[in-house]
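S.K.: Quick one: the structure is below, questions incoming.
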Amino acid sequence: MSLKMKGKKYTDLDFVPTISDSEEDVPDLDSDEEKPKPETKGKKKNKSVDEESADMNSGFRFNTDDGEINTNFDGWEFLGDEKDEEKKDVDLDKIIRKKGGLIGMAHVDEAEKSESEESESDDEDLAMDGFGMGAQEQPEGEEEDEDASNSEQESNDEEEDDDEETYDVGDAGDAEEKVEEDTAEEMQAFYAPESESENAKKEVHKTFNDLALSRPVMKGLSNLGYVKPSPIQSATIPIALLGKDIIAGAVTGSGKTAAFMIPIIERLLYKPAKVASTRVIVLTPTRELAIQVADVGKKIGQFVSNLTFGLAVGGLNLRQQEQMLKTRPDIVIATPGRFIDHIRNSASFNVDSVEVLVIDEADRMLEDGFQDELNEIMSLLPSKRQTLLFSATMNSRIKQLISLSLKRPVRIMIDPPKQAATKLTQEFVRIRKRDHLKPSLLFNLIRKLDPNGQKRIVVFVARKDMAHKLRIILGLLGMAVAELHGSLTQEQRLDSVNKFKSLQVPVLICTDLASRGLDIPKIEVVINYDMPKSYEIYLHRVGRTARAGREGRSITFVGEASAERSIVKDAIRGVNDSEIPGSKAVGRNVDWNQVEETNKIVENMDQTVQDILVEEKEEKEILRAEMELKKGENLLKHKDEIQSRPKRTWFQSEKEKKNSKIMGALSKTKKEVNSKKRKRNEAMEDGHKRSYKKTQSDRTADQERTMKKQAKANGKKKGKSKGKR
């Protein structure tokens, strides 16, 4: 049979055919390249040699060591819409430059630079609760000598610092809330037999070849430099390929995204070739994480023919997404709100043929903020589907998981719960009553850690306005900084991430928006400027560094609140409980005199900071006015077309949204609703109007009316008694 006839035979099949022992005549069905034109007989031999050299690099070799990711891999792409013209925005750096900032690292002379490089080991961490000091590569003898020399040089002043760095966290556990755990009977009834998860974790796959994956998927993994599956990938991929539901947890940076993308792409190799439909939905809590997951999938499946991806996230062009979803891509990565919007308002998009649902960062998605959206999505998706849940802190209770309609899921927890990554050094700086010095302390730390701007440093803050203010302060001090939070447009957010990734700006100040899932390679340091609300959020924050076996460092500013000390206690306990060496929890010395000197400069900048904020606000108002003017022109110009569009709908009314937020806030504070309020809420739900509540003036008027009635009654009684006499 000729090669042409064999190719025709395979195209009629709806699945990938098995390759026989003789592979010479099998066409490359997965290649996206065009077929070369036929050549003369004389060139046939040269042609085969050229094709062979093109398919296989002569210098290629299989890497069988323990490395998982190629060091040449530059990370995932964060690309948004492709627009013809860029949207106008306020250039904050230009305003800061006008005020004298962003010229260079301010107030740093050569002597200080050389001193910071030479004495970095002298300002190393104080041992805390039995943890060693110094870098991991130093021999033990050198550590002891360095410790001795440091203790001789740092006399009375350092004794005070020693007291500061000794954390008294003995009473911090009192503030911890008691969390109800699932009973053994509940777990046995809900989850698959424990033997399945234990067998999955015990089975070790040294390479991806042991997982019996198809050649297009293997080619994509090889192109990314993936050789050895991580423990979470080794355990979950075989179970996912069997079509079973999974609840999986592993430390940050362990390859969870690839753990669900690889089996999904492998399954889609066997999809019907002639029927276009959306078969996989991946839900993420943030837009940046969705864009990253889409890029992971595209790069793993780049050699799989006819595999399509769609992105449905907020902040990007709605019409472009609608046009893309019309093609019914195989895999749609979405955020919950925009996903529901497209299901309800995009006529050509439906989810009737969805076979796999993935919820990334599942514990965050199960919180109150996403609960209503998640319930709506579950009601729209087919009940017969495979559901995969992944998170670094997967501690959700069965009561929360019931709403996801899981069918005896296999529970795979690779690492102990609530544990940071290995090779992470966790440092703590006790602030005491010096909160006003935190901006100056942050500047001094960054200057000491990275005087030349060649390291990637992420700074986490609690509030958006603080992130913006810190960007201005550090910019005035000559430091290039980007910010990432919810007040920025999606284009600004992606621009900040890309500039940080390419080291155009070495410092990224962000809220917890960036604490989950984002995998930017070679983040050396994470600084917690504000303490997170919980230890779980802390783990996600520090998980931005020390990823995939690399070393990393986190520095946390700790106040006097019991909740903050409790997080420090949990971090120390996590390191103590860790059986793998490499992670440390230590205190860090700070030269507070130098911080005070920097703070004098920062205080003198207060008026300049306010002037910059005012100028930025004015420019934003001008741009907003221009945008409104352009919007009005478009409404007049395209009036008929705009009015003919159907009105977009949502599954909740404004009143229902408000009630949902109130109930969510009550559940967070754990306040029980008393019987009076409960009856009133029930009456409102039944459609009855709220009864009128008397005011103080109403009660006073009632009292006066009652007194008049009593006076009249008393007068009548007296008149009757006189008549009888």
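Just so it is clear, glycine is given a Cβ too, placed from its N, Cα and C backbone atoms.
Not my notes, these are from Swiss-Prot:
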type: REGION; residues: 14-184; note: region 'Disordered'
type: COMPBIAS; residues: 21-33; note: compositional bias 'Acidic residues'
type: COMPBIAS; residues: 85-95; note: compositional bias 'Basic and acidic residues'
type: COMPBIAS; residues: 107-116; note: compositional bias 'Basic and acidic residues'
type: COMPBIAS; residues: 117-127; note: compositional bias 'Acidic residues'
type: COMPBIAS; residues: 139-184; note: compositional bias 'Acidic residues'
type: MOTIF; residues: 206-234; note: motif 'Q motif'
type: DOMAIN; residues: 237-412; note: domain 'Helicase ATP-binding'
type: BINDING; residues: ALA250, VAL251, THR252, GLY253, SER254, GLY255, LYS256, THR257; note: ATP binding site
type: DOMAIN; residues: 423-613; note: domain 'Helicase C-terminal'
type: COILED; residues: 607-686; note: coiled coil
type: REGION; residues: 646-725; note: region 'Disordered'
type: COMPBIAS; residues: 669-707; note: compositional bias 'Basic and acidic residues'
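Describe the structural context of these features.
M.R.: Close to LYS256 (ATP binding site) in the fold, though at least 6 residues off in sequence, lie ILE232, ALA248, ALA250, ASP360, PHE390, SER391, ALA392, each with a CB less than 8 Å from its CB. According to DSSP, LYS256 (ATP binding site) sits within a helical segment.
Mean pLDDT, taken over the domain 'Helicase C-terminal' (423-613), works out to 91 on the 0 to 100 scale.
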S.K.: So how many of the residues in the motif 'Q motif' (206-234) end up helix, strand or coil by DSSP?
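M.R.: Split by secondary structure, the motif 'Q motif' (206-234) comes out as 18 helix, 0 strand, 11 coil.
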S.K.: Taking 8 Å from the centroid of the Cβ atoms of ALA250, VAL251, THR252, GLY253, SER254, GLY255, LYS256, THR257 as the cut-off, which other residues in that chain fall inside it around the ATP site?
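M.R.: Counting only non-site residues, the set is SER230, ILE232, ALA259, ALA392, ARG547.
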S.K.: Relative to the Cβ position of THR252 (ATP binding site), how many further Cβ atoms are located within 10 Å?
M.R.: 27
